[in-house]
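Here's what Swiss-Prot has on this protein:
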| type | residues | note |
| --- | --- | --- |
| SIGNAL | 1-20 | signal peptide |
| DOMAIN | 28-511 | domain 'Sema' |
| CARBOHYD | 81 | N-linked glycosylation site |
| DISULFID | 101-112 | disulfide bond |
| CARBOHYD | 123 | N-linked glycosylation site |
| DISULFID | 130-139 | disulfide bond |
| CARBOHYD | 252 | N-linked glycosylation site |
| DISULFID | 266-378 | disulfide bond |
| CARBOHYD | 268 | N-linked glycosylation site |
| DISULFID | 290-338 | disulfide bond |
| CARBOHYD | 465 | N-linked glycosylation site |
| DISULFID | 514-532 | disulfide bond |
| DOMAIN | 571-655 | domain 'Ig-like C2-type' |
| CARBOHYD | 585 | N-linked glycosylation site |
| CARBOHYD | 586 | N-linked glycosylation site |
| DISULFID | 643-709 | disulfide bond |
């Protein structure tokens, strides 16, 4: 029974190894929430044990504050240490609104509260904040003081309606930007959640919105993000870009499919004079594509945009747009990261317009005359210096925009394929942040990818020989105790910190923790983390301005042979030899766990002084990610096993195991609970002398016996009663006699 139980446990262990050892790339280092806290590179904040739906809505590096919205609370956290006592404002929905919300059948816990969804900088002293208000949106001004030292954080004005500024439903995302004390929002404007709009409010000018109930403009959108992006050198040509996904009817007009989109408008758009009054006259949109083309032709689309990050440069046209996409298919679960050049996006918006033609309303490129100024052009910009407002636009320009808001060409990622693809994993990506890092051998982009399981993956983008780029997962961190989806993520390159939120709270994580890779130069070099380098003593933070000659870093190739000469590399590559015993016809496991799952493992066997030969794998001998399983040990398995790990052409011996095979009968007798070995204090009861027993076994077998005796002595020291003399000596006596005769045959003459 004991042997059967062991077999079952080994089987479960192997199954778990097989599940973990999928074809998907794995992180070099995985840290649980508690392990991450032990590194002292993270902080955590939560108001209570309740789920309050935290959202990081604004980061102010000048005042060293992080502004967080949650259910009934507005929080101001210290950007250097979020676990310090926060400044907070309790801002619940009115009792009447909460009761009305419940009467309407809304969720009392996750709907009938004031979920803060908008926090924008209004001026030097005030923030503008909006909440769902128990399905009755409300906004107000919050005084934060001129300096962070003022410790001022309070609402000092009356609340006003948030309609057109914040969605009624807290589970429907609201996106916003503030420009010159004007709020641009993407949200749903009604209680029922049927009227979506991109809205300009909080303005001394007239309020402007998208054309109402016009599916050509917006069709059941789910807003993701919004950004102000320059377009040329003239500030009047800047655009507000809205990223969203929407349900569009296919050509058969029978089903709706989800597509990711980008829309843009001019901030100085005041609407049309006779048509599109108080509606955008510069609204255009284009489809955002993230797909993988199979070898046989068809495309697998990642249709649902989840998050966007803009990696800005000194030249706005070279800005990169990173997007997280997921599949809308119910067949498989997948995520992808696609990267776009801003210049490619702007080229599509300057390209042909889409036009529906024919009985099937097929989309084609519009071939008619394009009115002047080109639809989508901002008034007062480089191309329209004489037009002060959009009310000066000719009627044909406004009419064209109303009927042709969609661009014909779609926006494709760099190299027309995703940078990262994950299919068949137990997680999906939800959020992204990107940092640009200067290393010894170049500049690298490091991606921080939040998942729906409460982890953050740190991924470095590596150049390859082809036109595409490779990627390597450096770390995966559990930033929350429970596996809850990550809702927002902000990065501060200045502070070298990442800020992450979920339903449960907010976490702060350093962008690097170099010491976790290991204590040797080779470990540090193989990690290929652009934040880290070997300084001659440890793996530590790399500073490009440093002039220390002992700094060792090779992100591009990760080759310790060229970087770690003189740092005890030879000793590092050899492992100490250990002895392990196995029992004939039983199972055994030779453990060999490489420091990195990115290393490949090969087993070599050396018998006596013969050359090492690679272990042949079969149904009896199985290699796993954690070691070598021998399902039925044979005498031929005895020898010295070498576990060789290879990573980036660098080989090292992870384990040396001198494996010795024991006789099953001897082990059964020695380990039997009724064995005479348990009667160490009752020698007189034995029908033969103990020396006869000791002489019956080989040196290696005696090592096992000595260990058994040691365990017995420890039991006696703990005060346990010695077991009574019982058992059958016949089997033991026969074994002793056979061993005696064998030992006499093999005994060397005394010298």
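A Cβ is built for glycine as well, from the same backbone N, Cα and C atoms used for every other residue.
Rounded to the nearest whole angstrom, the C-alpha distance between residue 101 (disulfide bond) and residue 139 (disulfide bond) is 18. Sequence-distant neighbours of residue 338 (disulfide bond): residues of the same chain at least 6 apart with a C-beta under 8 Å from its C-beta are 290, 302, 322, 323, 325, 413, 418, 419.
Mean model confidence for the domain 'Sema' (28-511) is a pLDDT of 94. Cβ-based neighbour count (10 Å, all protein chains) for residue 130 (disulfide bond) stands at 31.
In the shown protein chains, 12 other C-beta atoms lie within 10 A of the C-beta of residue 81 (N-linked glycosylation site). Neighbour density for residue 123 (N-linked glycosylation site): within 10 A of its CB lie 10 other CB atoms from the protein chains shown.
Here residue 586 (N-linked glycosylation site) is compared against the disulfide-bonded residues 112, 266, 378, and the shortest C-alpha distance is to 112. Under the three-state DSSP scheme, residue 532 (disulfide bond) falls in the strand class. Considering other CB atoms within 10 Å as the measure, the emptiest surroundings among the disulfide-bonded residues 266, 514 are those of 514. DSSP classifies residue 514 (disulfide bond) as helix under the three-state reduction. Least packed by the Cβ count within 10 Å, out of the glycosylation sites 268, 585, 586, is 585. When the Cα of residue 378 (disulfide bond) is compared against those of the recorded positions 112, 130, 268, 514, 532, the shortest separation belongs to 268. Between the alpha carbons (Cα) of residue 123 (N-linked glycosylation site) and residue 139 (disulfide bond) lies a span of roughly 16 Å. Looking at 101, 290, 378, the disulfide-bonded residues in this record, the fewest other C-beta atoms within 10 angstroms of the C-beta turn up around 101.
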